[in-house]
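*Asks:* Take this structure, written in structure tokens, and hold onto it; I'll ask about it next.
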Amino acid sequence: MTATLQRESVGTGRVVWFTGLSGAGKSTLASALYEELIARGEQVELLDGDAVRENLSKGLGFTKADRDTNVRRIAFVAGLLAKHGVTVLVSAISPYAETRREVLANLPNPTEVFVDAPLAVVTERDVKGLYLKALAGEIPHFTGVSDPYEAPENPDLHLRTDRISVQDGLKQLLDHLGVNA
């Protein structure tokens, strides 16, 4: 039996989906927004791609099919929460445009945020050295190096984290979401 999400919402929740390369700043911005919304008394949950992969998608690899399955699992949980009035922040690479479009089309009140930084910047930010290993061919299926990252063509918000601070990004997020001070 396959469960699908419908756009009908019983609550006033929404899903803010942060997508971008590893190291672009998705988790940083999502966490900053999470803290701000909690401080304002909103019901909010943060679904981090790494945590979901560890807990709900353990055993999945990094093939396109496995990545798509992981994204669909995240979207399923996000949709359930949002339908009950929760603002859900999703921080996940979600590398394939078609899969992102599919899941966003079935989520209540979705906002796609493209967290963008050039490869040179994310490589410099990478304290584990994963990009350098991937560029040297030591890590197969690495998004942005040996596997594609398909940038959103028309995201709701495009944040260039190599050009703005976390505080500026947070302000743009709050303005876009209509959650002004």
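Glycine is no exception: its Cβ is also placed from the backbone N, Cα and C atoms.
Okay, these came from Swiss-Prot:
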BINDING   Gly20, Leu21, Ser22, Gly23, Ala24, Gly25, Lys26, Ser27  ATP binding site
ACT_SITE  Ser94  active site, phosphoserine intermediate
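Context for these features, please: burial, neighbours, distances.
*Replies:* Its Cβ placed at the centre, Ala24 (ATP binding site) has 26 other Cβ atoms within 10 Å.
Ser94 (active site, phosphoserine intermediate) falls outside any helix or strand according to DSSP and counts as coil.
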*Asks:* Cβ within 8 Å of the ATP site's Cβ centroid: which residues qualify beyond Gly20, Leu21, Ser22, Gly23, Ala24, Gly25, Lys26, Ser27?
*Replies:* Thr28, Ile93, Val115, Ala117, Val122, Thr161
*Asks:* How many Å separate the Cα atoms of Gly20 (ATP binding site) and Ser94 (active site, phosphoserine intermediate)?
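*Replies:* Just about 7 Å between their Cα atoms.
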